[in-house]
Amino acid sequence: MNFDKKNSFFSWINSKIKKNNKKEKKENILLKKEKEGIHTIQNIDNKKIDFLFKLKNSLNKTKQFFGDSISRIFLSKKIDDAFFEELEDTMLLSDIGVHTTDQIISKLINDATHKELKNPEKVYFLLKEHMYSILNRVEKPLKISNHTPFVILVVGINGTGKTTTVSKLAKKYKLAGKSVMLAAADTFRAAGIEQLQILGKRNNIPVISQSSGSDPASVAFDAVKSAISKKIDVLIIDTAGRLHNKLHLLEELKKMVRVIKKLNLSAPHEIMLIIDACNGQNTIKQTEMFHKAINLTGLVITKLDGTAKGGVIFSLANQFLIPIRYIGIGEKTTDLVVFNSNDFIKSIFVK
């Protein structure tokens, strides 16, 4: 073999080796990505399982009172008038409410008759389907739009956990990379102002406040003005707890909305009512009065982990069709979770 041929041969060999090395390297990269993908999916699956376990535990009182009772009724071998009467009684006792219970039972009887269903198990899953459809209509997570600032006005009666919810929301949005500002418009309660100021200091979140007894609308105005000038992403305004039947207090909220609109016509972008699930059917009248006064755009239902009255969520969803943004199932920030109708149904039904 002459010199030129020898060089040509070795060049060809080197070229093949390089190609093989590149191919092997590419395959290794693809294999690594595939493994990482599987690992990521497994992590996501594990997180979902952990979350559902936490949710089921938190809703255990509602499940015991509603889900277990419903399940026992369906052990009956006969679908008749007595069966539906017992089912109706159980739903009423579970705080689902007269209007919503009547609707569900009527639809269930109609569907069971039309489909000639005599099997309790099939009727059970039909009930589950009907109740899921009620919640699914209000499963609309809050999306922070490009409005700067995105203004959230938080309202509710005393003791529902408004300021605590404001704190959790602020932490959530900050962790999501948003710049956040708080407004302490609960000027009737010095402790409420102080609570927000402490939160702001700990989490490096600016808090706009005035002295106790100041006009809440003035605080809201200052906060929106400041948030605009500082180009804040999310402004959350905490308000004083007010009874839904005190019309002059609801007028104050209307005034706050008007004042906010003077600076930003599209704001507030979210008017969020905080509801304590422990109040059961009393929350219906609260929601009605607040909605009538200031046109609510979202609900947060708190303290679901401490009550058997979680059935009220069906009544709220069915009667008002106001999006349920979050539910509270514990004390931690992570226990304020985006509402998911499918997860909720899975957690309160036995099967």
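Yeah, the Cβs are placed from backbone N, Cα and C, and that goes for glycine too.
Per Swiss-Prot, the features are as follows:
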- 156-163, 238-242, 302-305: GTP binding site (BINDING)
For this session: Please report the number of other Cβ atoms within 10 Å of the Cβ of G159 (GTP binding site).
Result: 12
Problem set entry | Close in space, distant in sequence - K162 (GTP binding site), Cβ under 8 Å, 6 or more apart | V154, V155, G156, D186, D238, T239, G241, I274
Exercise. Looking only at DSSP and grouping its letters into three states, which state does G159 (GTP binding site) belong to?
Worked result: coil
Exercise. Near L304 (GTP binding site), how many other Cβ atoms are within 10 Å of its Cβ?
Worked result: 26
Exercise. Can you count the other CB atoms that lie within 10 A of the CB of T239 (GTP binding site)?
Worked result: 27
Seminar exercise, completed: Row G156 (GTP binding site), column other C-beta within 10 angstroms, all chains, value 26
